[in-house]
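Novice: Here TrEMBL flags 1-271 as domain 'NADP transhydrogenase beta-like'. If you look up TrEMBL, you'll see 41-58, 78-96, 102-121, 128-147, 153-172 marked as transmembrane segment.
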Amino acid sequence: VGLAAVLVGWNGYLHVENDLAGAEAAHLNAEGMLGIHSAEVFVGVFIGAVTFTGSIVANLKLSARIKSAPLMLPGKNFLNVGALVAFFALTVWFVISPHLWLLAAVTVLALLLGWHLVASIGGGDMPVVVSMLNSYSGWAAAASGFLLSNDLLIITGALVGSSGAYLSYIMCKAMNRSFISVIAGGFGIEAGPAEDKDYGEHREINAEGAAELLAHADSVIITPGYGMAVAQAQYGVADLTRKLRERGVNVRFGIHPVAGRLPGHMNVLLA
């Protein structure tokens, strides 16, 4: 979706701004819409390029083809803010004077920004990133809809964009994270080592002990995590749940909003 938005934006530029003497450019200029069209092109290319490279980095991290550890460049927050400031400045410049090199510059800038935003985030926070990239893809599709005068694309893109952003907000609250830090790629800051504390007596339990506790329990809450997916233990969990319920035990599941690698990962496996 991101790459498609970039190509649609470039196509819009080549058909209008690159040919200001043409009929389409003259028509937009007569209606006072040429500047708006230029802004749509620029914003659509920017969002699409950020989504494209961000999605590639997320895929590489989730498939373990690159390290999931966050990239910690010196002054990374200043780099992100500087890229956004440069984008706004270039947008104004492009609306006033739509040159090809400006569009090329913002394309390269957005590709680098998308890579840096996701690379700066640790592997444990990737579920939120995937949800946010989903939101970005929706806004990229909506921007393409404006350029193509396609109402259906605008509506569906806006729905995907807003729902993805809201899901990210809910997930951030569940993780005690700042929603703004997701957009700014600020998840990569690792906390320093905590002080050693006495947490009480450590008690180990074996399979026989766990079975005895479950056999005498009236109510059981199972809290699955990513380990269940790695071990493909959902089948064993399902059998255990079935046997406990046959014995009259009230079995429920407590699933964290961001458990697993993707939103709803545990729900799908258990279903």
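Just so you know, glycine gets a Cβ as well, placed from its N, Cα and C.
The shown structure was predicted, so the numbers you read here are calculated from the model rather than taken from an experiment.
Let's see these features in context: how buried, what's close, how far.
Specialist: Confidence in the domain 'NADP transhydrogenase beta-like' (1-271), given as mean pLDDT, stands at 87.
Counting only same-chain residues 6+ beyond the ends of the transmembrane segment (78-96), those with a CB under 8 A from a CB of the stretch are 35, 38-39, 41-43, 46, 102-103, 105-106, 109-110, 112-113, 116-117, 184-185.
Using a Cβ-Cβ cut-off under 8 Å and counting only residues 6 or more beyond its ends in the same chain, the transmembrane segment (153-172) has close neighbours at 127-128, 131-146, 178-179, 182, 257-258, 263.
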